[in-house]
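Participant: Annotation source Swiss-Prot lists region 'Disordered' at 1-28, 784-821. The annotation domain 'ABC transporter 1' is assigned in Swiss-Prot to 134-384 on the grounds of sequence analysis. The N-linked glycosylation site annotation in Swiss-Prot covers Asn143, Asn277, Asn308, Asn332, Asn1402, Asn1460. According to Swiss-Prot, the feature transmembrane segment maps to 506-526, 530-550, 580-600, 605-625, 639-659, 744-764, 1168-1188, 1204-1224, 1244-1264, 1282-1302, 1309-1329, 1433-1453 (among others), an assignment based on sequence analysis. The compositional bias 'Polar residues' annotation in Swiss-Prot covers 804-821.
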Amino acid sequence: MRRSNVVPVHSLTSSTNTGRDSRGEKYDELTPVATRRASISPDEARYLTQLASRDNAVSRVSTVADISLDDPALNPENKDFDLYKWLRKVVHVLNEEGVPRKEASIFFQHLRVSGTGAALQLQKTVADIITAPFRRETWNFRNKTSKTILHDFNGMLHSGELLIVLGRPGSGCSTFLKTLSGELHGLNVDEKTVLHYSGIPQSTMIKEFKGEVVYNQEVDKHFPHLTVGQTLEFAAAVRTPSKRLGGMSRNEYAQMMTKVVMAVFGLSHTYNTKVGNDTVRGVPGGERKRVSIAEMALAGAPLAAWDNSTRGLDSATALKFVESLRLAADLNSSAHAVAIYQASQAIYDLFDKAVVLYEGRQIYFGPASKAKAFFERQGWFCPPRQTTGDFLTSVTNPIERQARPGMESQVPRTAAEFEAYWLESEEYKELQREMAAFQGETSSQGNEKLLEFQQRKRLAQASHTRPKSPYLLSIPMQIKLNTKRAYQRVWNERTSTMTTFIGNTILALIVGSVFYGTPTATAGFYAKGATLFYAVLLNALTAMTEINSLYSQRPIVEKHASFAFYHPATEAIAGVVSDIPVKFLMAIAFNIILYFLSGLRREPSQFFIYFLITFIIMFVMSAVFRTMAAITRTVSQAMTLAGVLILMLVIYTGFVVPVNYMHPWFKWIHYLNPIFYAFEILIANEFHGREFTCSQFIPVYPNLPGDSFVCSSRGAVAGRRTVSGDAYIEASYSYSYSHVWRNFGILIAFLIGFMVIYFVATELNSATTSSAEVLVFRRGHEPAHLKNGHEPGADEEAGAGKTVVSSSAEENKQDQGITSIPPQQDIFTWRDVVYDIEIKGEPRRLLDHVSGWVKPGTLTALMGVSGAGKTTLLDVLAHRTTMGVITGDMFVNGKPLDSSFQRKTGYVQQQDLHLETATVRESLRFSAMLRQPASVSKEEKYAYVEEVIKMLNMEDFAEAVVGVPGEGLNVEQRKLLTIGVELAAKPKLLLFLDEPTSGLDSQSSWAICNFLRKLADAGQAILCTIHQPSAILFEQFDQLLFLARGGKTVYFGPIGENSQTLLKYFESHGPRRCGDQENPAEYMLEVVNAGTNPRGENWFDLWKASKEAAGVQAEIDRIHESKRGEAESKDSTNPKDREHEEFAMPFFKQLPIVTVRVFQQYWRLPMYIAAKMMLGICAGLFIGFSFFKADTSLQGMQNVIFSVFMLCAIFSSLVQQIIPLFITQRALYEVRERPSKTYSWKAFMIANIIVEIPYQILMGILVFGCYYYAVNGVQSSDRQGLVLLFCIQFFIYASTFADFVIAALPDAETAGAIVTLQFSMALTFNGVMQTPEALPGFWIFMYRVSPFTYWVGGMAATQLHGRAVKCSAAETAIFNPPSGLTCQEYMADYMAVAPGHLSNPNATSSCEFCSLSVADQYLASVNIYWSERWRNFGIFWAYVVFDIAVAVMLYYCFRVKKWNFSFGKRKKSKAA
């Protein structure tokens, strides 16, 4: 469809005649639908259907009243469904019901927007942490540097208009759209700015009508496990108006709108398919983009901003999308501002207005049809066949723009000069007159528009909704819909839920069996306490995993809040509600098994109290961790807080350190600890009202009379053979049963309090801030033009700060670099390539007998509709697939591919994956060092890297750090680096490129394709996928391979001059002729998208039967014959070298290079290293001062052991800090570096293991200093040295254990679950919580296998050996000896065989007996001996070595050989 075929709405309103449409039906004076019917495709009509169904009217239609509502043509699910009739019927009904039209305009004057940031940033390193206190900027507490992003914009957009926003990446397009739509988080609008919507100030609009102005982000954000149908039905439901068509219910309306909008965007077949994301399999990327568009369309906003929403869509689909917006604006009076980086002429012609941005300055705003003439008058030349959009963008590119002859000295050069020219132009003056008139009109209307908006909103709002609320639904209705969606997510993710359920069951079985058979006597006191401690702790701490899940969904909730779908707090409430049954199941699985297996109190009331408290504490701690996620900005902040909190909660529960032994500086923590109150309830519930038989008396003599004996347990009374449970818990924990229901009330108060904080924080902290883009440089390597404070672009003509590959001003320099590319002679061919995979047990063919070749010196384009298999074919040809079955032939010079094929090819992936901490030059050097042959010297490789930098014109940012988008290279610079990394490798065979122009503006796309053309002319063989080529860009290619859906070849062969060869082939099979000014690429996509030619013949079948297809096969045969002879003669003359080896460099040279890079990366991750060190220091200090100066009592001795135990408790946090970084490294290696055969997997694994060790050693030293002296004071030097060695060893083990766990696993979540399980088992079986003698016989092997058994034993023996024990009053057993005997005489026989000592041996009453004399006596009872300390030290090293060996083995088996976790080998792809 072309803009010229569309009759403007205003032209229809001037006539009062009645005519007939193409169907012979009458239409009246206001029927734009009928007028446009001939040019509306079915998909477009469906989009109109959706829009017309909203609470507005297109026009007054009275001639369709006689169509029955039961007519099949009005049923979207009926095969006879007639969208045209349905649309007219809907419009008629809406008009009869008096639903008002949604109209709004945008007016902005002197719009100036700033953000935080500076021209450049310096990369932070570990050295910066050390030197920070000595640098001046550290102590500068003033506000962050403000950077102006948009300078003085003026304009207005009326209802029914489309505005195209043009500018290069970084020019401010996204900021402009965000500002118009009120997405101002992190942005500051100047107070002099005037910005209103039909007279309504922006502040009022955002507060009361947020859903009327919406912004579509460039990135797709959805709940991945929801289906497309569920996602869109939810969007329809939350924006369902109160007044609906034909008395439909809310559910009926939402379902109808969902079905219609899915048909509009071609998504009907995906109704039950998960949306998916980068890690969850779902719909393809192009369809996911359409889901985003459909979701925002269902918002029904009259004002919409679309930020590069055509990214990832082919040109035909992109055109249809913009045509839909055009029709929506005309028929529904909506207004749309659209930023498009690659706009075809057909797309551009659909817009009413255009705005051009140049480095944040407005250099044109006005009619789109006059923009080209404006810049030509300014003095710029528009080349033939260049689209208007490309031309307008090109004038902002100093390298690409061309002045008209004679105008070179008169045209503006800098952004400020362009802006000055615009402000002096007649077009600007005309705009000012229009704006003045509009301002006068809106001023005269007063509050009419505001009242109109409010009235329209009230008609749409549900009852009980606050009038000033921007939402259509009441809070209870929002909670209901969010809860329904939450349950859908739980059900769709049931595999994860079941995994957690099974894990909890296994953990309960393990812990329960460890304490199985605990006696109901005093010997079981400690075990019962430990059981309940585990019960409350494991129930409480499972909620920590919710932090990650909340952060993963936060961007989605933010987006929905911006659409005015619901309050973020209502989603938080729904999440808690949906958790109730899940947590209930988890509680049943864990608590019932643990309770009865461990032999806790078998009474109904006690069991139900136990279950109630453990269930409540799950929700209390869930609220605590959710609150942490809500009040923080990053997941690392939340996890750091959680790690410290867990330590505090565990130590101050009252079990590890009883209340009476808590030091005053930290004692307050237990009052704020919910687990403390829960633990007291469980202990009191278990022990209250019970008398426990004494297991051991002091002394153990037969027939003891009166009070001459006492039970060895705390709370015992002399002369009694039982011990009161209440007395025991009072003496041991200072607990009382009277506190049970008080504590329950406190837990409920904690639950309510934290839930309220969580809901409020979620509502208030639900927006991500924006900041200005900035380059990051290494300290001391800043470019001079930025170091001196100048903004990039101050000298555009010199290319300062510019990143485009030169094609004119820098051409000579670039050509000199390209000539250094070695000439190529090899030809890559493939024949009848077929690729089959299984999806849900069903076979699916992705490639169907594809044949072709790539010759040196040729540039071949690979094109096709979305989902045709372009990237799949590249992956198959490059041998990068890891599943499915491949058949067919692939040859180089007629010979089968060898192991060196992948390293001899370059593969530029669509995703720009690079090491964030490296600079551009370092990234290129790393590629050159490892991928160029070992025979080439380091100096030569580095020299070639400099040539690549010149070729790609990257000198200005060669020392810039890759970073992340916003703080680092921009999209264009990243793409250039991706290409540069492959060029630095000097690929000998060919270069694959997958969508190298995706996300780039037209000028950057042209520059990159022009550069590829030059590479091809220099002898490089190139195969490149591309989906939105302009006519000029398309002409750069020599050959085309075009695929239809299903990977079926439609054409392979030369494109020809002006695409004549290609067009001749297609036109010979019946479709319409391609117009002279039409883009051949768009013509071809349109023709093939139809599926068949006008005669009904399938394009794939036509190709197979064509003489061109036969010619392809004959040419492949000819290539094979001619090249085989050449290859044989070469092989006979060339000596053997590494030519056919898998890697260019041998392993012993790879390892140092990779290790240095990883060391460099760690040095440049100060936040990671600081977080690691702070965790160690804080944990060490906290543990040290919690067990400060452990005294000589029994509890003091236990405190030392528990301090060692608590050091073990930070193990899980340490490991989970390391795992995400390893995954980041592994993702880069496995996605880009390993497929390119850059270096061996062995070098990757060993380097990552080595680099962690120095930091772990430093951490061990710091923790030793913080912990050891606080607990033990100064002991002998040999003990200090050994404890230091144990600390260092512990942290080294943590890093190797992390590598061991994550080596084979796919993600951090799975690894985290396994770490938690293994860590829990290691702690359970290390002999502290349950002595070896008390363990059931089955589990004694776990005591011996647990690494912490040896570490805790070594640490405890070293610290406690030889320490005298002096019992405290509570620990002393007091009894009276028989008359006439002293305590010493009475106890002599007993003390001859039992440990312990008397405090008053000569007393004749109240004997005070301490059950131990020295700590070694207790240590021996738990199988810890001073003599075995060095043995334990050596055994723990064996675990370190074991972890390293198994990590390497697991990586090889599961990540290299691709075994699955069913212990079978995955079916590998194979080429016949």
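Placed from the backbone N, Cα and C atoms, the Cβ positions cover glycine too.
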Participant: Could you tell me the mean pLDDT the prediction assigns to the domain 'ABC transporter 1' (134-384)?
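Facilitator: Reported value for the domain 'ABC transporter 1' (134-384) is a mean pLDDT of 86.
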Participant: Tell me if the transmembrane segment (506-526) touches the transmembrane segment (744-764). I count contact as 3 or more CB pairs below 8 A, with pairs 6 or more residues apart.
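Facilitator: No, the transmembrane segment (744-764) does not contact the transmembrane segment (506-526).
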Participant: List the same-chain residues at least 6 positions away in sequence whose Cβ sits under 8 Å from the Cβ of Asn308 (N-linked glycosylation site), in sequence order, or say none.
Facilitator: Cys173, Glu218, Ala339, Ile340, Tyr341, Gly999
Participant: Through the lens of DSSP with three states only, how would you label Asn332 (N-linked glycosylation site)?
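Facilitator: DSSP call for Asn332 (N-linked glycosylation site): helix.
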Participant: What is the interatomic distance between the Cα atoms of Asn1402 (N-linked glycosylation site) and Asn277 (N-linked glycosylation site), given in whole Å?
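Facilitator: Cα of Asn1402 (N-linked glycosylation site) to Cα of Asn277 (N-linked glycosylation site) measures 80 Å after rounding.
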Participant: Say we define neighbours as other CB atoms within 10 Å of the CB. Which of the glycosylation sites Asn277, Asn332 has the fewest?
Facilitator: Asn277
Participant: Please report how many Å separate the Cα atom of Asn332 (N-linked glycosylation site) from that of Asn277 (N-linked glycosylation site), as a whole number.
Facilitator: 33
Participant: When you measure from the Cβ of Asn1402 (N-linked glycosylation site), how many other Cβ atoms are you left with inside 10 Å?
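Facilitator: Within a 10 Å radius of the Cβ of Asn1402 (N-linked glycosylation site) lie 9 other Cβ atoms.
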Participant: Applying the under-8 angstroms CB criterion, which one of 506-526, 530-550, 639-659, 1204-1224, 1433-1453 scores highest with the transmembrane segment (580-600)?
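Facilitator: Out of the listed stretches, 506-526 contacts the transmembrane segment (580-600) most.
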Participant: When only pairs 6 or more apart in sequence are counted, do the transmembrane segment (1309-1329) and the transmembrane segment (1433-1453) reach 3 or more Cβ pairs under 8 Å?
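Facilitator: Per Cβ check, the transmembrane segment (1309-1329) does not touch the transmembrane segment (1433-1453).
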Participant: Could you find out if DSSP has Asn308 (N-linked glycosylation site) as helix, strand or coil?
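Facilitator: Looking at the DSSP assignment, Asn308 (N-linked glycosylation site) belongs to neither helix nor strand, so coil.
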Participant: Same-chain Cβ contacts of the transmembrane segment (1282-1302) under 8 Å, 6 or more residues past its ends?
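Facilitator: Answer is 1176, 1207, 1211, 1214-1215, 1218-1219, 1222-1223, 1226, 1245, 1248-1249, 1252-1253, 1256-1257, 1259-1261, 1263-1264, 1267-1268, 1308, 1311, 1314-1315, 1318, 1347, 1351, 1354-1355, 1358-1359, 1429, 1433, 1436-1437, 1439-1440, 1443-1444, 1446-1447, 1450.
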